[in-house]
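According to Swiss-Prot, the features are:
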- 174: active site (ACT_SITE)
- 248: active site (ACT_SITE)
- 365: active site, nucleophile (ACT_SITE)
- 19-28, 110, 137-138, 212, 250, 359: substrate binding site (BINDING)
């Protein structure tokens, strides 16, 4: 059956700021306390969405979350009106304010793990929300992510959206950023590659930075998503590269159809894994980048592998890259050699995503890949699909509500909270989502 990969990109939220919240993510740490530009961040993301939609790649949008997230501050013991809660936390524990104001939901590669209908036992598309247990600020995302996905994939005959796994370290799950699918045409059954960093009883794990994904979580997600057990491989990420800042697999590898583009040191027991994939995926092609050409450090600083590998109708592929790759002589030299070599990659497309990149999120972090048949695509909430009208409406919306400068101190401004709620109220109507945000359901207004 014919099917297409639709990229659902996260829209950057109004409180996008640099707080260095993500230990193990070196860009996040390096840019801590810099002044951010939420308006520019949102527009950079929108430009990528529109350019890819214009190039013929199906593209949709996932909206930001409510931030600052007052309900969690109340759980932490801060009381009074919303304004009083903000004032108290800013004075007594500003680090909590930064955490509950993070715009990290923009990186929707961590929102969920997807199983296309061709791979599932019941013939539905399955989406399991990620618990993002390893980082407090990200663990706050699951409930609203579930509401958003249910509002977008709202036909229960075609889509099953599963709640996140229990919030414990043993079941740490980071979503599609640690998941690849390999195979022929999108509508054919594919091989799902789940990548984990640690498992109980296995001493092979990183020592400097945390391994965020567990094998136990990956196995549970595969079960929830009803993936045919014959179409699953579990592989461990190389713990040494996690210790060099590769906090998700999508920082060191990207797949599309029959191609796996990865660093030579991406996986533990890599040659064994690639042999397994060759045996089980027709036409499998591994493009392994040697450490002698691109070091792990350079891969992390340029986000070479946090790229999007997209298929054209003629079978050729386009690699979508951040501008940092073009600015690094060694990486850009390698990429031009890659273009000239015998492989499906025939075009490099570069985007300026600096605002997101400075927090450690490149092109692949910003998108959730969902393979859909034509019938399934028609069942998706049409208001989220990118086109000229939506692009213009979202740009106008960003111009109206987003600030062009934000510091950590600004997060305590009650006006920012009010601006955010008004903006999301308008956006949820624009995208026909219903009342997906807690402040809407509580009838809390802007107070």
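The backbone N, Cα and C atoms fix where each Cβ goes, and this holds for glycine too.
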Listed recorded positions 19, 21, 110, 248, 250, 365, filtered to Cα within 10 Å of residue 174 (active site): 110, 248
Tell me, if you would, which residue among 138, 248 (recorded positions) has the fewest other CB atoms within 10 Å in the structure shown? 138
Distance [Cα-Cα, Å, rounded] between residue 138 (substrate binding site) and residue 365 (active site, nucleophile): 14
Rounded to an integer, what is the Cα-Cα distance in Å between residue 248 (active site) and residue 110 (substrate binding site)? 9
According to DSSP, does residue 138 (substrate binding site) fall in a helix, a strand, or coil? helix
Its Cβ having more other Cβ atoms within 10 Å than any other among the recorded positions 19, 21, 365, the winner is 365
For residue 250 (substrate binding site), write down the residues of its own chain that are at least 6 apart in sequence and whose Cβ falls under 8 Å from its Cβ; none is a fine answer. 109, 176, 177, 178, 305, 306, 364, 365
Including all protein chains displayed, how many Cβ atoms other than that of residue 174 (active site) lie within 10 Å of its Cβ? 31
So for residue 110 (substrate binding site), how many other CB atoms are inside 10 Å of its CB? 29
Under DSSP, is residue 110 (substrate binding site) helix, strand or coil? helix
